Amino acid sequence: MTTRLHLICLLLLNGSRGVESFTRSGLANSIQGRAGNAATTLFGVRSAVRRVRDSVLSRERTDKDLKDGIAFFYDRSSKLWEDVWGEHMHHGYYIPEDRTDHVQAQIDLIDEVLKWAGVDEGEPPKRVVDVGCGIGGSSRHIVRKYEGSTAQGITLSPYQANRGNELAREQGVSDKASFQVADALNMPFEDNAFDLAWSLESGEHMPDKKKFVNELMRVVAPGGRIIIVTWCHRDLERGEPSLSRKEEKILAKINRAYYLPKWCSVDDYVKLLEKEGAVNIKREDWSYIIAPFWKAVIKSSLNMKSVVGLLKSGFSTIRGAYAMLLMLKGFNSGVIKFGLITCTKKGE
Ligand SMILES: C[S@@+](CC[C@H](N)C(=O)[O-])C[C@H]1O[C@@H](n2cnc3c(N)ncnc32)[C@H](O)[C@@H]1O
């Protein structure tokens with residue numbers, strides 16, 4: 001221990017030259033390993049200090065930190081969420097607003113969104129991509145709902161992809177729904193590969209919304225449909241340059257907790273889709289429909305099983321739990337919106 005402390009001090013005083021001079025001495029071989037350990041420890045301490053500082057100041061993450069953080073966050077928290085809430089990691093559909101069958105409310109949200117987007121009216125989709133699939137609840141529901149359809153889900157979290165495939169096997173749909181780790185901003189699919197691109201509460205994680213929209217438009221076939229259900233900030237008024245500082249502050253805190261980049265509005269999505277040549281664009285604000293959800297999540301997190309699970313899941317999950325209160329505040333103040341956007345890719 002003392003030797004390790006000494007090495008840290010030496011490294012601090014001498015920087016990398018300290019390591020170089022050691023390697024030239026006769027003690028080089030035995031000490032080199034310890035110096036490596038010390039440097040690693042030092043790096044760990046420094047990066048922990050940086051993380052705490054950035055967290056306190058609610059600093060925006062780099063794209064790389066964000067991507068790693070998202071994978072880490074969902075690897076760590078998905079089991080706890082599934083234990084308490086089941087296989088769907090999204091809001092519920094609260095009509096009537098006093099319903100308490102929360103898991104069914106989540107399933108109803110999928111069905112109501114599909115209905116709202118007009119999917120039930122036309123030819124049922126055959127090939128579906130579930131972008132930001134969580135543990136695959138939507139995909140498995142969709143392949144059961146539309147006969148003959150298949151779904152491929154992508155997530156940044158290896159835990160989620162494995163669990164998604166495991167649940168598909170358990171539920172007897174592994175020939176129709178599969179999951180893999182891949183980046184929505186660089187999807188491993190051919191152009192025009194799907195009839196339906198489904199993104200339920202993953203768009204808020206994307207640091208480059210233009211690339212996100214671009215990729216959705218690329219993988220959907222002409223005549224195919226895109227559905228994006230996502231957390232947005234309110235639309236800006238005409239001539240209003242940005243959100244207020246107070247609003248920005250709430251969002252910045254939520255971003256640290258949930259590994260989110262800067263937010264955009266539903267208006268921004270519509271503009272991006274228009275630029276990409278999307279047609280039949282439709283939008284709606286369902287904030288009032290999902291409103292009771294966060295209260296229910298907060299209530300569920302207060303039971304013994306959740307508290308123990310929370311403590312076991314580590315700092316990022318605990319911070320995520322605290323941010324639930326901020327989400328509630330954001331929805332109540334009107335800065336956060338639960339936005340629905342759908343469109344089709346121009347047919348040939
Ligand atoms: C809140 S969860 C929603 C999961 C799922 N859609 C559901 O409703 O159950 C957000 C998901 O987005 C995924 N995600 C975030 N950024 C992503 C990216 N760049 N590429 C792929 N998936 C991403 C996360 O890994 C996670 O699975």
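Placement of Cβ uses the backbone N, Cα and C atoms for every residue, glycine included.
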The annotated region 'SAM motif I' range in TrEMBL, which must be one of 128-137, 208-217, 328-337: 128-137
Range annotated as region 'SAM motif III' in TrEMBL, from 109-118, 179-188, 219-228: 219-228
Residue numbers, six or more beyond the limits of the region 'SAM motif III' (219-228), whose CB comes under 8 Å of its CB atoms: 113-114, 117-119, 125, 129, 187, 189-200, 203, 269, 273, 278, 339-348
Distal contacts, the region 'SAM motif II' (192-200) - CB-CB under 8 A, six or more residues away: 90, 110, 113, 119, 123, 125-132, 138, 142, 184, 216, 219-230
Beyond the flanks of the region 'SAM motif I' (128-137) by 6 or more, those residues with Cβ under 8 Å of it: 74, 78, 82, 86-90, 106, 110, 143, 149-155, 160, 163-165, 167-168, 177, 179, 184, 187, 189, 193-203, 205, 216, 219
Structural state census, the region 'SAM motif III' (219-228) (DSSP three-state): 1 helix, 9 strand, 0 coil
